[in-house]
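Asker: First the structure, which I've put down as structure tokens, then a few questions once you've had a look.
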Amino acid sequence: MDLRRSKYVNYRYSNYMQQGLAILKTGSSVEATKLANDNETIGQNNNIFYPTERASKYSEASLSIKSHDENSTTRKRKNMYDDKAVRTTKNFIGKSYYNLGEKGSGFRPRGEVQDFNTLRRECLATGRLFEDPEFPANDSSLYFSRRPDRYIEWKRPMEIADDPQLFVEGFSRFDVQQGELGDCWLLAAVANLTMHQNLFFQVMPEDQSFDENYAGIFHFRFWQYGRWVDVVIDDRLPTCRGELVYLHSAETNEFWSALLEKAYAKLHGSYEALKGGTTCEAMEDFTGGVTEMYQMDQTPPNLFNILLKAFERNSLLGCSIEPDPNVLEAETPQGLIRGHAYSITQVKNVEIHMPNRNGTIPLLRLRNPWGNEAEWNGPWSDQSPEWRFIPDHEKEELGLTFDMDGEFWMSFHDFTRHFTQLEICNLNPDSLTSDDLSAGKKRWEMSVFEGEWVRGVTAGGCRNFLETFCHNPQYRITLESPDDDDDKCTVIIALMQKNRRAQRRMGADCLTIGFAIYHLEYPERLPKPLDVNFFKYNASVGRSPAFINLREVTCRFKLPPGVYCIVPSTFDPNEEGEFLLRIFSENKNNMEENDEEVGIGDVDDRILKPAGEKEDQSEGNVREEPEQDRNTEKVREFFKKLAGDDLEVDWTELKDILDFAMRKETHDRGFSKDVCRSMVAMLDADHSGKLGFEEFKALWNDIKKWRAVFKLYDRDESGYLSAFELRQALNSAGYRLNNHILNILVHRYGTKDGKITFDDYIMCAVRLKTMIDIFRERDPDETHTATFTLEEWMEKTLYS
């Protein structure tokens, strides 16, 4: 019986989740601990502080809501933003931001890379309004699988309302009204974003409006896997009968929220790509923060304190109620909506005066993105009698009003009874403003690494697959100082897979991912990377609560100071994808890749045979047979015959020699012309395009060594190496490589099923030897740094 399949728990959420994007691999945290560690028999995992990632318990299909007239209410006046606010855009890798599709942005170009300022200048100069060819006003931008039920007409704001504006009396959470798209998860995050002015203007730059320099073009910036990406759009919006179909504001002439949603849809390929998701995904894209998830039936005893500290650190908070599998967006008797995303807009211990006693009560303020009368009707709701026990000055401090606007208060006790899931987005350290720091707020310490799972190289699967698990990327982290109020270190580990939502139109759903943590008691004695023997005899000290197919898996741990190794992986081996690994800790952490240093090492003893000494093949040694020695003499004579009077060979003559000598290894296919050209270039010091006999002799010795290595690992004589064996084979040949170089080699020379032919293996070895020799020639003092002029670099790289 397949253990993995027997432990599936397939939650019926709504049509998004039924598409397979939130299938939990295990039914409980106990089973989760066992599932990915069935082969571990040593030690126990007692260091998980609290498991925060589970299958998302809410999502949406398409739905309809009331029109503006039906939802009209007396709204709170919005606060204008403060021009003196400090704006920060430091949470990035590389440049402060990239244009979508620009090299380094993490996105492939979909056409011409669009720069907002350049395009706007061109439009203003020609007197035309911008029309975005990369996200056109047609059905391809609306959906990739199902056409909307209603006829959609694209209109600019000036065609929808008189006097269109980005903001009417500033911006606030009350500007966020849901339309007919199942993206309440996005709306809840947008509502939270409006409460953080510096974060808001980081997403929506202030250099645009419907008045000054208007040209029908706008841009927004989203955090995407370690980079801020600038997304350009035109302002043509989907409408039906003259009204916006999707996200909109209660003010009919306010358009910032509709434009933000369009830019986010473009980032992911279409509006339909936004159907169903978790609030944490959008909150992270707006802030670059790390999100934790809590199930309310498994809350830690200090949850309110966690919430209070999170709110004080400007964290973005969201919550939801598990949906009834038979009813979408069903309203509970208490006025709450199942399967719907809410934002938490205030967390506070509120002063209370009762006839018999005084004290404080923990309260939360929540908001339904629908922005209508669907509100909590229990204790502490609008007009609830409990409010008479709150002093007037406390009410004033809370900004208490009772409008049918979707915002309401409730006690923390009722919150934990009625809501089933909580999401906390911990902001990146650079998101704190100077005023925040001056006020004594603390910031997280953060480390970030990008990585990749490549079939046959670094996609080793979970710990169930012991033989390949060690091939996964590994990261060493040193925790030096415990928390200020504890003898252990708080660590939040977040593993995010990249670009999966945008690939949904190609059928690429999220991979099932997780991670494990291992304590390194004596790190200086251990190999880099850790090998199969380490994982065979050492148990993990922490791991993700489950392997799950969400965009990100996050977990909070309490670990003693020390050195640890984090191993991120997919559940099954050979599943390919890119990922981002982020570590948040209260005090400084030092993190590095636990990998080999690139360079030259010793050749395997089984390859080098002392002169005149016979070696025993029974121990796996490889030696030249007498017949092979005779073949060497034949090749020498063959070289002289082909070389002619000048005793030199070009790449075509070299190919003839090698095809004759290596016909068995190449299965009579011969060597490619590229390999032969590279071999000549490797030893052709005078760039004549030919090799003399001494150069050929040196080449022949290298090829014999590489052939011996190949035979050592090609035990079934198939003519192939698996990509997992490539690292060992190149190590035996004397080349020390890390995962980055191995991934490049397999992408370049491997077959689609992760195999390396003899011809391609030789090509790998030739390229490695050539590049290392070039570098070492310019680095005689072994400083690991070499300097080349542009001409020299072109000469070395073009002829290699």
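Glycine is treated like the rest: Cβ placed from N, Cα and C.
Because TrEMBL annotations are produced automatically, they should be read as predictions rather than curated entries.
Quick paste of what TrEMBL says about this protein:
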DOMAIN    129-428  domain 'Calpain catalytic'
ACT_SITE  Cys184  active site
ACT_SITE  His340  active site
ACT_SITE  Asn368  active site
REGION    611-632  region 'Disordered'
DOMAIN    701-736  domain 'EF-hand'
Asker: DSSP on the domain 'EF-hand' (701-736): how many residues come out helix, how many strand, how many coil?
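Answerer: Going through the domain 'EF-hand' (701-736) residue by residue, I get 23 helix, 5 strand, 8 coil.
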Asker: As a test of the contact definition, list every same-chain residue at least 6 positions from Asn368 (active site) whose Cβ is closer than 8 Å to its Cβ.
Answerer: Ile337, His340, Tyr342, Ala374, Glu375, Gly406, Glu407
Asker: Mean pLDDT, the domain 'EF-hand' (701-736)?
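Answerer: Over the domain 'EF-hand' (701-736), the predicted model scores a mean pLDDT of 87.
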Asker: Starting from the Cβ of Cys184 (active site), draw a 10 Å sphere and report how many other Cβ atoms land inside it.
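Answerer: There are 28 of them.
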Asker: In which DSSP state, out of helix, strand and coil, do we find Cys184 (active site)?
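Answerer: Cys184 (active site) sits in a helix per DSSP.
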Asker: Tell me, how many other CB atoms lie within 10 A of the CB of His340 (active site), whichever protein chain they belong to?
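Answerer: His340 (active site): 27 neighbouring Cβ atoms within 10 Å.
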